[in-house]
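> Supplied in structure tokens, the structure appears directly below.
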Amino acid sequence: MLQLNYSGFTLETGTDEAGRGCLAGPVTAAAVILPSVFENNILNDSKQLSEKARALLKPIIEEQALCFSVTHLFPDEIDEINILNASMKGMQECILKLKHIPEYIIVDGNRSLNAKLGLKNTFGKQFSKEEIELLKSIPNQSIIKGDAKFLSIAAASILAKTYRDEYMDQIHEEFPMYNWKQNKGYPTKEHREAIKKYGTTKYHRMSFRLLPDQLELDFFE
């Protein structure tokens, strides 16, 4: 069973991202502060849940959380600062958007939330000096497979996944030949074959290479 709290602080935030391994679409981050009393027997890592279960949990999390935030970082920014930095920046942005300032932050993964904090970029949000100092002032802990251990990270993973899926469903209508409604931008065989046939779109990440055995496609050519 997932644990509710890691640090002992009341305003503990869990944060996670979705879409890191995709060829198209944003990387989406979320942050959630759950109340000190919260129980849900279904809530788990979003990757372990069905689409139906995630859809069921999304409004429950939104209604019962003390606060939450979600943000998208789009391909132009991903291409500029790389996907790892974009993932961390998305989670940093989510912390800043929360209604309450967290007392402690737990992060899914093995990287400190403050890694590459304040990275300069042309696209997307630029952090102010005050925002950087605020993020530095909040203690944080990275937890490997945290979305399968702590409820707030699991809740963040579900919001990140569901909000991103909704976005991919929307842009599918513009470019249905890539079938983003089904593959959500991940490098399925069907998606790779569509890229080979139709080329890339404004929603594709141009910094991502497909290996030679993945239809010999190279975005840099």
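For all residues, glycine too, the Cβ spot is worked out from N, Cα and C.
Here Swiss-Prot flags D16, E17, D108 as divalent metal cation binding site, drawing on sequence analysis. What Swiss-Prot lists as domain 'RNase H type-2' is 10-220, and the listing cites sequence analysis.
Help me understand the surroundings of these features in the structure.
For the recorded site, D108 (divalent metal cation binding site), the DSSP three-state label reads strand. Taking a C-beta cut-off of under 8 Å and a sequence gap of six or more, D108 (divalent metal cation binding site) has these contacts in its own chain: G14, T15, D16, E17, S142, I143, K145, G146, D147, I153, A156, S157.
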> Return one of helix, strand or coil for D16 (divalent metal cation binding site), based on DSSP.
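It is in a strand.
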> Applying the rule Cβ within 8 Å of the centroid of the Cβ atoms of D16, E17, D108, what extra residues of the same chain belong around the divalent metal cation site?
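Other same-chain residues with Cβ inside the cutoff are T15, A18, A29, A30, S87, M91, V107, G109, G146, D147, I153, A156, S157, A160.
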> Would you pick out, from the binding-site residues D16, E17, the residue whose Cβ has the largest number of other Cβ atoms within 10 Å?
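Highest number of other Cβ atoms within 10 Å: D16.
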